[in-house]
Amino acid sequence: MNLMTSIIMAFRNIRANKTRAFLTMLGIIIGVSSVIALLAIGQGSSKSVANSVNSLGTNLITVNITNTDTHFTMDKLNQVGKVYGVKSVAPVLSGRDTVANGSTSSQVSVTGTTSAYMGIRQLTVADGRFISSFDENNRTKNVVLGSDTATTLFGTQSPVNKSILINGERFNVIGVMNSKGGSMGQNSDDAVYLPFSTAQRLLKTTYITQFYAQADNQGDVNWAVNGISRLLSETYSSTDDYSVVNQQDVMQALSSVTGTMTMLLAGIAGISLLVGGIGIMNIMLVSVTERTREIGIRKAIGAKNRDILLQFLIESAVLSMLGGALGVALGILAAQIYAAATGGLAVYSISVMAFAFLFSAAVGIIFGVFPAYKASRLSPIEALRTE
């Protein structure tokens with residue numbers, strides 16, 4: 001018996017027992033689809049994290065001062081700007097406040113900062129201009145709107161040279177930012193920017209609790225981080241008083257967590273593949289018992305042990321490969337549904353799909369060996385006696 005004949009017979013036997021074949025393949029289908037979907041979602045999450053970090057700039061350094069008893073002032077911030085590897089620094093003072101234009105109002109992020117902020121955060125101006133050194137030095141009441149805030153308050157009209165109210169105080173709009181989108185829990189579009197000195201006056205504070213620094217290039221990030229940390233240690237006795245975080249560390253940490261969770265879930269899905277393999281072995285043993293007389297007849301008319309072995313191995317492999325193919329299709333569909341429902345990202349890998357499919361085929365063959373061997377060793381005389 002040639003290989004093609006064995007494959008045709010395998011499909012005939014599967015077609016004759018459709019329900020049983022489907023239930024047998026179910027474990028393989030669930031296992032493969034889970035692997036495909038989970039890895040696609042996991043890789044999509046990792047890519048989203050990388051995109052978010054890259055949108056902020058991989059040479060961005062974020063510094064938070066938690067000790068408010070010892071004040072960090074603009075003079076000390078200027079010293080940070082002189083640290084080796086640091087290109088620019090920008091203080092940040094932010095909170096959520098109500099902004100209004102006539103009867104239209106909205107709760108947005110109000111951020112006090114300096115002119116360096118735009119370059120550090122890789123923002124661009126769509127209309128008008130950003131905060132300047134003049135605004136900072138003179139504590140002007142000029143503000144720049146994020147794209148979403150501008151649309152909410154002014155619709156399709158240009159807000160430049162118009163005024164808005166922030167907590168009842170009037171400010172002049174000097175610019176509108178291009179859309180940047182949200183990243184790492186921050187939405188630059190839903191924001192209002194004003195001079196840092198003006199924000200300090202409004203909030204009645206003279207010290208800095210957060211600032212951003214930009215390294216000259218990605219290779220200088222560690223130099224800049226170490227230099228900033230040394231400078232802060234001269235002011236604060238404990239590292240608990242401040243934190244210095246660079247985007248590379250954030251990306252590596254988040255990618256590590258995402259990767260670990262993905263592999264853990266994929267491992268669980270892999271276990272279901274093995275369970276599916278046990279199901280195939282079980283049903284093939286049942287099939288051997290049911291077809292004992294058929295095996296005896298085939299042996300009586302000249303079929304060899306290897307022909308019987310090959311026949312049952314092929315049936316087992318076909319079952320698992322069909323399950324694998326359906327699992328790949330279902331996994332892609334599940335990942336697509338997840339991405340559409342959550343707005344997330346699903347990234348598919350041809351190598352992962354091929355591996356999952358081939359692994360399912362291997363599971364079918366491995367778990368089909370024992371039933372196939374048992375069938376091939378049946379005595380034709382004893383098999384023919386079976387009713």
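Numbers here mean position along the shown chain, with the first residue as 1.
Note that Cβ sites are derived from N, Cα and C of the backbone, with glycine treated the same way.
What TrEMBL says about a protein is an automatic prediction, not a curated fact.
What TrEMBL says about this one:
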- 21-42: transmembrane segment (TRANSMEM)
- 22-224: domain 'MacB-like periplasmic core' (DOMAIN)
- 263-288: transmembrane segment (TRANSMEM)
- 268-380: domain 'ABC3 transporter permease C-terminal' (DOMAIN)
- 309-339: transmembrane segment (TRANSMEM)
- 345-370: transmembrane segment (TRANSMEM)
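Remote same-chain partners of the transmembrane segment (263-288), defined as residues 6 or more beyond its termini with a Cβ less than 8 Å from a stretch Cβ, comprise 13, 20, 23-32, 34-35, 38-39, 42, 295, 312, 315-316, 319-320, 323, 359-360, 363-364, 366-368, 370-372, 374-375, 378. Confidence across the domain 'ABC3 transporter permease C-terminal' (268-380), taken as the mean pLDDT and rounded to a whole number, stands at 82. Within the domain 'ABC3 transporter permease C-terminal' (268-380), the DSSP-based counts of helix, strand and coil residues read 98 helix, 0 strand, 15 coil.
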